[in-house]
Amino acid sequence: MSKFDTNLTKSLDQSTIKNVESVIPKKRQDLLKWSGWGYRDSKFYPKHEEVFFSGARYPIGGDVKLPHFGDWIRRNFNLKMDDLLSQPQKPLEYPEPKLDEIFYEAIQELNIDYSITGEDRLVRCHGQTLHDIYCLRNGKFERIPDLILWPKSHEEVVKIVKLATENNICIIPFGGGTSVSGSITCPQDEKRCITVIDTTQMNRLLWLDKQNLVACFESGIVGQDLERVLQEEGLTMGHEPDSIEFSTLGGWVATRASGMKKNVYGNIEDIVIRVKMVTSKGILERNISAPRVSCGPDFNQLILGSEGTLGIVTEVVVKVRPLPPVKKYGSLVFPDFESGIRCLREIAKKRCQPASIRLMDNEQFVFGQALKLDTGIFASFVDGLKNFLLTKVKGYDLTKVSVATLLFEGDKEEVDRQEKLIYEIADQYSGLKAGETNGQKGYVLTFVIAYIRDLGLDYGIVAESFETSVPWDKCESLCRNTKAVVRQECKKHGIDHYLISCRVTQTYDAGACVYFYFGFRWNTECQNPVDLYEEIELMARNEILASGGSISHHHGIGKIRARWYKQSVSSIGVSLYKAAKMELDPRNIFGLNNLLTPEDAIDFEKLQSKL
Amino acid sequence: MPEKSQQYLHNFHNYLENRVNLLTHTFHPKIPIEKVRRSVPNDVKLRVLQNQRFNDYLDKISTDKDDRKKKVFAALQILSEMAFDRNMIVIRTLGSIIEKLMGQLYSAVHINQNSIKNLKESMGNQQIIYLPCHRSYVDFMLMSFICFINNIEIPSIAAGMDFYNMKVLGELMRKTGAFYMRRTFGDEFYWNIFKEYMHEIITYNDFGLEFFVEGTRSRTCKALWPKLGLLSMSLEPYFMGEVHDLKVVPVSISYEKVLEEQLFVYELLGIPKPKESTKGFFKAITSLKSKSYGNMFFDFGEPISLNSFYGSDVKKFNHSSEPAHIQKMSADEIQLTTDLAQHVLKQQQNKIVIMAYNLIALIYCERIHTNSIESLTFMELEREVLKLAAFFEELGAIVGFDDKDPAKNIRETMALHDNVLEVTGNSSNIQLKRANTDSNRTSNGNLKGHWLCKEVMDIVVPVFSLQLYCNPTIYWLSQPALFVLSTIGQNVVLIDDLKKDVLWLRQVFIYEFVLYPRFEDEEFDKVLKKLLDMKILIQSSESSVILNEKSPYINLLLSAISPFFSCFYNTSEIILSKFIGMKFVDKDIFIAVQSTLEQELLKGNGTIHPYSLCLESMNTSILSLCNSQCLFKEKQNCVNQYSIDEANMSALVNRLRCFNSRWNFNYKYFGNIILSKI
C-alpha cells in the first residue's frame, strides 16, 4: 500500500479555537423530520378544510390559519382537504448492519463516536430528492448505511479514511443531508460495509483573522451556526443558500453551492480560499493563503463539485466581510415575465445588482398570494391602493404580472444609490415600485416553501424543483420551451392537475439562473408517481439543454443528472475526471458513484487486479 | 607557550591602554537591521496594544466593553513596567562611571578587535540576538559599554525584576535599554503581553536584543543547561516567516577573578544572596574599589545566521499558509531551538579564555587526589602550569597567560587569589588558606539547606572558591574524563561497550556538564579520536581500546570530575537510604545530604569531596535522577514533590558504585585539616 501523504503538519494555537454549539443535535431525528424536510415542529397541516402552519420558527407559523391556501390547493389540484392519504410510519425493522469486524473494532479502539442503530442509519441514507423522500415514506430503502461515525477533527477523519482504505470500506461523507441530486443517497448495490462519516460534530471555528478577513472552519459547521458565530464578531460570510438552516460548509464546497446574496459575497467558489480534503491517498490542500495565484490548474476546483467521490472535506478557509449596516428590501411589479427578464438583463449589464434580485413568474406570484395572512406584512399585496394602481391606472393584468423582489445591503449611501439606479432602470421596462414589505415577504417565505412538498405528498401530489443556468439571450425562450414541454408531457400522461412555474433567482454578466417548480397530482392507477415525475423531468431537462441551459446551476450532478455529464464536459472531460478518481481513490473508498453513469463507471475490480 | 592561543589572542587589545572619554565619544552606531525609519522604544510598547493576537486575546478574556477597557489599561501599566527606553545622557553618564570602575578594578580589559570588525561587517540586514555567557553582573554592563565605544547599536537587554526593584538604578538602566521580566509563572495575562513585546522587539525594533541563554548567572562558573523561554519567543517570528533571518551572536566573557566570587560560594552552600538594592550596589562597588580583579577577556563569537545554521532543517513554508498569530511553534521547531541554544553554549565555551589560575586550581586538586600536595612547590607548579597549558591547547581551548615571564604571571595571579591558596614556607609550598567564617552567620530560617558548623565552613569556603576556578575548564575535561572513568581498571574495552558506558555516564551528568543527547554520537567520535591522538587511549584492535596507564593526564581528568561524581553519588545514596516510600521536597534532600556529609567530613572520612555539599550540584543531580526516572516529580502549590522509584534508583546507585570502585577517590587531605582544627 502506498504511503498516506499528510501534507504539511500544522501547529495551531489551541487557545484560538472556538467550539460551536450547533442548533442541530447529534441525534438529528430528535429535531428534524425523519421522513421529510426540516424541523419536526414545523409543517403545513389541514384542519376543517383550511391549512395551518405549525411551530413558531417562521413568520407564518404559530398555528394561524392561512385563509387562501386551501382555496389555492382546491383550485389547482381539485381535491378536498380530507382526501388525506395515510401518513408515513417509521419502519419497525431495519436492515441488519453489515459490519467489517476488523474495521469496526479498530474504530472502537480509536474511541470515535459511532452508531449502528437502525434509525441513525436510516436518517443518513438519503438526501432530499423526491425519489429519496418517496422511498422513505414508503419504506423502499433496502440498502442503508451500516455504520455511522462522528469524527471530531480532521485528525480523526484521517484515521478513519486510512482504516477504511486498508479494509476496503465504502465511505459516504454526510453533512446536512439536503442534497437534491441523489448524491448522498446510499448506493443500493454496494456490497461492502457502508460507513457514513457524519461531519456535524466537527464544527469548530479554528481561527479567525480579522486583519485579512478570513476564517477557518471545520467542514461540519451548519450554515446558520456559521453565520451566528460570525455575526457575534460583527462579520458575515454572506453565503445563504435556501438550505442554510441545515446544510454544512463542507457540503457547500462538495456541491459547488450558490447563495442568494452571491452578487455581494460571491458563490462558494469565490468565498473559499483553501480547502483541506482527505483522500484515500492523503491530504489534498493548496498550501497558499494568498488571494490569487498563478500556479497551474487550481485543485480547489477539483474539490469543489467533487460530490464526495474523491475524498472528504475537513477544513475550509473562507473569506468573511464586515456586517453591512443597512439591509433593505424592495420589490417591482412588471406587466409580464418577459419584461421582467429584460429589466434584469439591463441591471446585470450595468452591474448594479443588489445583494439579491429574483423575478417570479405569474404562477409563483399567485402562489405567493395564496400564502398570505390577513394581517401583518403578510396581508395581501394587491389590496388597497396598489390594487387600484395595478389594475386600473396602469392597466396591469393580475393574471399576467410578474414580480421581482430585491434585497439591498451596504451602508446607507450605497443602498440609496443602488435603489435609485434600479428603479430608474425598472421604469424603462414598465417596472413599478411595489414596496418594501412585498420584497421582505418574498425572502422570508423562502424557507417555508420547502415544507410544502411534504403536505403535497400527504395528498398524492409529487413536486420538486429543478434549476439551470442560461445565457441572457436564451433565457426567455428556455423558460417558455421548458414549460411547454412539461405541459405537453402532462397531457401525454393524462395528468390533469399540475403546476409548472419558474423564476429567475440569480443574474450574472452573461446569463441567469432559472428555477422551475413542477408538481402534479397522480391518478389512483399510477403505480409509481416518482418514476413518472422523473420521466417528465427528464424531458424537461432535455429541453433545457436544447434551449441553451446547463445541467445545473448549483444543485450538482449526483446520480439523477449523471446522464448529461458527458455532454456537458466532453468525453475527454469525463476521462479526466475518471483519471483523477483512479489516482485519488483507486479502491473506490468514496463509493458514492456520483457524476458518472453506470455505463461510464470505472471498473474498480479490474483496476485493482491490474495494480 | 601555546602558539595557536597566542595567535588568537594577538587580536585582543587591552582597552585600558587606550581609553575613551564616554562623555565626548561620537556615537554613530552600526544598526543590526537598517530600515527606512529608525525604531522608537515607545512604539515597541504601543505596537503590542495594536497587535492582532493580543487583541484577539483581549476579546476572549473580556466580559464586556468596559472590562476590555480596564484590561487595556492594565496592559499599559504592565508595559510601562516592562519596556526599555533610550537616553543618551544616561548612557554616557552611567558609561563613564563604569569606565572609571573598570580602570580601578581590572588590570586589563582585553577585547577581540577582530571579532568586533567581523560583527560590524555582518550587520545591517537582520535583527541580532546577542547571547553572552553569564558569570557576573558585570557581563551586561560590559556588553553595552563595549557596543558603545565600538559604535555598535546598544541592544535591548532582558533583565530580571531584581534590578527593577533597585530604586534609581532600575530606572537608569531602563534608559540604557534594559527591559524587565517578572519571574512569575502562570500569570497568563502578563506572559501574553511579554510574548508580544518580545515579538515586536524582534520584528519591529532595530536595536538588537541581548539576553542570557543560561537564564541566570552561573554561580559555579560552569555552563548552565540553556533555558528556552526567551529564545523560543525570539525565534518564533523567524519560524513563522515574519523575519527572513536572524543573527545570533554568542559572546564569551572570561574573568580572572569573578566579582561575586565569595557571594557565589555562600550561595552554593545554601546561604542566600542579599537582596539587590541601589544602596547595597553602591556599597558593594565602593568596597571593591581598592581591589584588583586582574584580567578580563571579551570576545564576540562568529555571528550565526539562522538560515545557514538550520539550512534545510527548517521548513519556513510550514507556517506560511495560516496567519502567524494563530499558530504555535511545532515540536520540531522547539527541538531546533534547543539545538541552537546548545550550539550557542558550546560556542561560548569554546572562546572562554583559560587563564593561569584555572590551571593552578586544577593542578592543586589533582595533587589532593593523588595525595601529593605536600610536595608541590612553586617551581614545580610553574612547570606543571606550562605542561597543562599545552594540554588545553591540544584539546582546543584558548589559553591566555603571559608566556614571557610565566613565574611572574603565576605569582601575580596567586596574589590576586590569596584568599584561597597561599605560598608558605622556605620551599614555597602551596597551601589552602583556611577561611575564618562568622559563626553567627544567618538564622536557620533563611538557609536553603543545613546549617553547617564553623569547622566545616572554614575549610569548605576556600575549597569552593578554588573549585570556581576549576569549573571553567570542565567544558574541556568532562567528556574525556568520562572515557577515562569507563576504561580505568579495565583491560581491553570494546568501543561498543565503551560507548554504552560513556552514554550512560552522559545521562547521569547530563545537566551537570551540559551534555546534550543530540550531540552524543558526534561528540563520542570526536573525543575518542582526540584521546587516541593524545595517547590517553590506545587502539588495541579495530574495535577496541585500552587506557594508557602511563598517560600523565589520567589523574588530572579524574580529579577534575571527582567533586561532581562525589556529589551525585552521595546525593543518590542518601536519598535512597532516607526517603524510600516518602514524599519529599528539594530542601529535604539538601538538608539530609548536607547534614550527613558534614558528619562524615568531621569524622575525617576521606572518600567524600567537600564540594559534595554544593546545592547547585545537588540540583542538577535531582534533575538527572528525575530524567532517568529514579525520582518522580509532581508540582504541588508550585513546589516540587518527589518520590522514589526504588528499583531504578538502586540499579543506578549500584552502577555508580561499580564506577566508584574502579579507582580510589582520596580527599584525606581535606579530612585531615578539618580534624586538625578540631
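Even glycines carry a Cβ here, placed using N, Cα and C.
Listed features, source TrEMBL:
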type     : residues                                   : note
DOMAIN   : A:141-323                                  : domain 'FAD-binding PCMH-type'
BINDING  : A:173-179, A:242-248, A:255-258, A:307-313 : FAD binding site
SITE     : A:Arg358                                   : site 'Important for enzyme activity'
BINDING  : A:Arg453                                   : substrate binding site
ACT_SITE : A:Tyr515                                   : active site, proton donor/acceptor
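Where TrEMBL records a feature, it is marked here on the structure.
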| residue | record | CB count, 10 Å |
| --- | --- | --- |
| A:Pro173 | FAD binding site | 28 |
| A:Gly177 | FAD binding site | 23 |
| A:Ser243 | FAD binding site | 23 |
| A:Ser247 | FAD binding site | 23 |
| A:Ala257 | FAD binding site | 27 |
| A:Thr309 | FAD binding site | 22 |
| A:Val313 | FAD binding site | 31 |
| A:Arg358 | site 'Important for enzyme activity' | 25 |
| A:Arg453 | substrate binding site | 22 |
| A:Tyr515 | active site, proton donor/acceptor | 21 |
Suppose you look only at the domain 'FAD-binding PCMH-type' (A:141-323); what would the mean pLDDT be? 96
Rounding to whole Å, the Cα atoms of A:Gly177 (FAD binding site) and the residue listed as 'substrate binding site' are apart by 17
Whole-number Å value for how far A:Arg358 (site 'Important for enzyme activity') lies from A:Ser243 (FAD binding site) (Cα to Cα): 17
Where A:Pro173 (FAD binding site) and A:Arg453 (substrate binding site) are concerned, what is their Cα separation in Å, rounded? 26
If I take the alpha carbons of the residue listed as 'active site, proton donor/acceptor' and A:Ala257 (FAD binding site), what is the distance between them in whole Å? 14
Between the residue listed as 'substrate binding site' and A:Ser247 (FAD binding site), how many Å separate their Cα atoms? 18
Check the Cα-Cα distances from A:Arg358 (site 'Important for enzyme activity') to the binding-site residues A:Ser247, A:Ala257, A:Thr309, A:Val313 and tell me which is shortest. A:Ala257
Through the lens of DSSP with three states only, how would you label A:Arg358 (site 'Important for enzyme activity')? strand
